[in-house]
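Look at Swiss-Prot and you will find K7, S167, D168, T209, G210, G211, I212, V213, T214, K215 tagged as ATP binding site, backed by sequence analysis. Annotation source Swiss-Prot lists substrate binding site at S46, D131, N147, citing sequence analysis.
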Amino acid sequence: MRRIVIKVGSALLSRGHEMAMDRMESLCRFIAELKQKGDEVILVTSAAVAAGYTALALDKRQLPNRQALAAIGQPLLMNLYHQTLAPLGILPAQMLLSAYDFDSRKRTENARNTIEVLLSHGVLPIINENDAVATKELDMLAVFGDNDRLSAHVAHYFSAEILLILSDIDGYYDKNPCEFPDAKIRRVVNFLTPEELEAEVSPNNAFATGGIVTKLQAADFLMKRGQKMFLANGFNLGDARSFLLEGIHCQGTLFVQGGES
């Protein structure tokens, strides 16, 4: 039995000013397939702000408004997950975490104990950062970078075998594919340079706060602790499905400590 953390961001779960329900449904079916195979799954999700905006169109450029949208949107987001997962026979559970929860050994232990109970009963833990109070993320300073680094902490402290980050790109390219048509996906990465980890963070879209850099920082965090991360396209789950369900590496990038594959 594997324990897998899946992270999905706002760029995938929203389309314009609406929620992308077709993508959420595809994600939930994929999770159901993994669970049917016997895997334990923890989902780290963004998009509370995006969900809130569907109910109240506040100016997202103002931090208090983004916090308010997160407060409005989190229950809406969980309701969408509940409606989508129920026909698949999956019961979801919400957990809101922050950087502080991983700075405190006691709080980390409490969260871990909760996760263990949920997984032991077949429940799907759905984790988001507590955006209504996590001002740094909403202020685009990205404590966890649209939950990229949060998902790495979840994978590490909750003993996952691998973190799957579903993104709006096919993997980690050797150069910017928007500028260089000959850019190629790096299939396996064993090491990341300081230059790669310190580049400027750029948002994916109006709702997202992460970028490729926060994903690399998540990968670096896990590799240094002997754990793996797989970066794949979330618009089409074919590569993620092949890798995790069939053990076939088509596209996508596997980040793993040197020498492994």
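Cβ coordinates are placed from backbone N, Cα and C, and glycine is handled just like the others.
Quantities reported herein were computed from a predicted structural model and do not represent experimental measurements.
Here the features listed in Swiss-Prot are placed on the structure.
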residue : record                 : Cβ neighbours (10 Å)
K7      : ATP binding site       : 31
S46     : substrate binding site : 31
D131    : substrate binding site : 25
N147    : substrate binding site : 32
D168    : ATP binding site       : 13
I212    : ATP binding site       : 19
T214    : ATP binding site       : 25
In whole Å, how far does the CA atom of N147 (substrate binding site) lie from that of K7 (ATP binding site)?
8
Write down the Cα-Cα distance for S46 (substrate binding site) and D168 (ATP binding site), rounded and given in Å.
14
State the three-class DSSP label for I212 (ATP binding site), counting H, G and I as helix, E and B as strand, and everything else as coil.
helix
